[in-house]
Amino acid sequence: GPPRIADKVIHRQSVRLGRTIKLLCPVEGDPPPLTMWMKDGRTIHSGWTRFRILQQGLKIKEVESEDAGTYICKATNGFGSTNVNYTLIVIDDTSSGKDSQVPEGSNGDYEDHSGKQWARPRFTQPAKMRRRVIARPVGSSIRLKCVASGNPRPDITWLKDNKPLTPQEIGENKKKKWTLNLKNLKPEDSGKYTCRVFNKVGEINATYKVEVIQRTRSKPILTGTHPVNTTVDYGGTTSFQCKVRSDVKPVIQWLKRVEYGTESKYNSTIDVGGQKFVVLPTGEVWSRPDGSYLNKLMITRAKEEDAGMYICLGANTMGYSFRSAFLTVLPDPKPPSAPVPPSSASSLPWPVIIGIPAGAVFIFGTILLWLCQSKKKPCSPPAAAPAHRPPPRDRICVPQVPDKDCISSINYEEYVAQQQHLLSQGPALAPAMASKMYPKIYTDIHTHTHSHAEGKVHQHQHIQYQC
């Protein structure tokens with residue numbers, strides 16, 4: 001959604017002349033918003049030398065009277081924007097004239113042509129000037145600060161042991177004219193350094209005592225607590241760092257312990273303290289102002305094999321020192337799944353292969369048995385037809401013969417013999433026998449009587465079976 005203000009804002013801010021102030025912009029959003037600052041409708045950019053846009057807000061150094069006004073922080077993302085407004089008031093303690101001096105030729109006029117009050121110089125960052133005695137080893141660097149403000153804007157000159165420094169010694173960087181940089185210190189750089197800050201109204205000064213220490217040549221010393229044990233997510237990025245103090249620029253090398261049994265994976269290993277290590281690629285070694293040297297080892301896209309012991313080794317011509325730390329790589333939350341083989345009949349378990357056909361046969365046999373049992377219910381035999389007239393078409397039960405397998409009590413050959421015997425017994429016995437022996441099958445029995453010329457009577461039956 002659009003950016004929103006995440007904290008309480010005090011819209012009216014005040015600051016004393018020459019001090020530093022930070023105007024916060026407490027906004028948040030998803031996606032994170034981009035911010036820009038404006039003063040009295042004008043966009044603040046890198047050309048405003050005393051203004052610095054930070055991630056948390058706007059920082060104004062050496063505040064001047066013209067810095068008073070309206071400030072707006074505008075935060076924007078793809079869903080909208082929001083503004084944080086400030087009114088800045090600049091307080092000038094010297095406006096009462098207590099510390100003011102009337103410049104010559106001013107005829108009592110305390111204001112310049114723009115109408116602003118005169119102000120004598122004042123240091124705006126006294127907290128950074130508390131340490132006035134500084135000791136540094138040979139070859140290191142140092143920065144001496146005398147940041148000040150006033151009206152008119154003051155100038156500054158630097159002296160060493162009360163003698164002005166040349167422009168080459170001071171440097172030509174106007175943005176840092178309030179800072180004296182001393183690099184690659186030598187023993188002759190020791191002394192007292194004084195800054196004089198002045199304008200038409202007054203002058204102030206401050207003195208630093210610098211001592212350059214001659215160091216004895218010795219092996220490197222690892223300072224601080226780094227490297228320290230570190231844990232990283234699988235696929236994440238982390239780093240080890242190592243700070244080494246040395247008389248001359250040392251060689252800083254990173255080593256990783258080779259686990260037992262894996263020596264064959266590496267082209268070459270070295271022995272440190274009775275253990276095998278492999279040498280890792282090393283980045284640039286940075287020189288620090290306090291005379292120490294810094295190096296970092298980056299580990300990107302961490303894998304399980306990256307876990308283990310790491311050593312920072314600092315060496316020079318006088319010897320070496322080292323310190324170890326361990327890296328723990330958390331397991332991959334989504335391990336690769338094993339490939340699934342294509343399904344086939346042969347890959348099924350043997351109980352399934354046997355069970356499915358057996359179950360089908362069992363169900364089919366049960367149904368067939370039930371059908372056969374249900375057809376064994378007896379049927380009442382029809383009454384015998386009178387002898388003097390042909391019997392009507394009756395239905396009696398005889399065995400059904402759909403096929404040989406349906407006959408359970410007698411086999412097929414016995415059945416055929418009984419049928420032939422039944423036909424030879426005449427009409428009176430046939431129905432009773434048929435109904436007694438074969439109660440499940442219906443038949444039609446037709447009796448026919450024929451008279452011949454010789455006076456003989458011939459009678460026969462037609463029996464029709466229906467399956």
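Glycine is no exception: its Cβ is also placed from the backbone N, Cα and C atoms.
Positions annotated as domain 'Ig-like' by TrEMBL: 3-89, 121-211, 220-328. TrEMBL lists 95-124 with the feature region 'Disordered'. The feature transmembrane segment is assigned by TrEMBL to 307-330, 350-371.
Remote same-chain partners of the transmembrane segment (307-330), defined as residues 6 or more beyond its termini with a Cβ less than 8 Å from a stretch Cβ, comprise 217-222, 226-234, 238, 240, 242, 244, 246-257, 259, 272, 277, 293, 295, 297, 299. With DSSP classes pooled into helix, strand and coil, the tally for the domain 'Ig-like' (121-211) is 14 helix, 45 strand, 32 coil. Summed and averaged per residue, pLDDT over the domain 'Ig-like' (220-328) gives 85. DSSP places the residues of the domain 'Ig-like' (220-328) in helix, strand and coil in these numbers: 6 helix, 57 strand, 46 coil. When the domain 'Ig-like' (3-89) is classified with DSSP, helix, strand and coil residues number 3 helix, 47 strand, 37 coil.
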